[in-house]
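The structure under discussion appears below in the form of structure tokens.
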Amino acid sequence: MAASAARGAAALRRSINQPVAFVRRIPWTAASSQLKEHFAQFGHVRRCILPFDKETGFHRGLGWVQFSSEEGLRNALQQENHIIDGVKVQVHTRRPKLPQTSDDEKKDF
């Protein structure tokens, strides 16, 4: 199960131009199906990724929701309160990764 979540997260990261929301503070009682059901009210959801902790077997309380359209993502971001399993979760746009700097570049003195 963890391997399939890792493959799904990797595929999601590769789809740079896809509309993806980053969701934090997901209650440990919530499943990806609940996440998909909640966000489907804003637009068609292609997939939801909840990475699991190998040691505990529970998801890590964060995840990604990939929409089929930018409109779905915008609709979700415009909603102020997202409640899943009685808990208010935080929804953000996926931020592009910044280029890594080497240790030599960090030492600017």
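Backbone N, Cα and C atoms are what each Cβ position is placed from, and that goes for glycine too.
The shown structure was predicted, so the numbers you read here are calculated from the model rather than taken from an experiment.
Confidence for the domain 'RRM' (19-103), expressed as mean pLDDT, is 91. Annotation comment: Swiss-Prot describes 19-103 as domain 'RRM'.
Look at Swiss-Prot and you will find Ser15 (among others) tagged as phosphoserine.
As annotated by Swiss-Prot, phosphothreonine applies to Thr101, with the evidence given as a large-scale study or a structure entry.
Summarising the annotation, Swiss-Prot assigns phosphoserine to Ser102 (among others) and lists a large-scale study or a structure entry as the type of evidence.
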### Query
What are the DSSP helix, strand and coil residue counts for the domain 'RRM' (19-103)?
18 helix, 28 strand, 39 coil
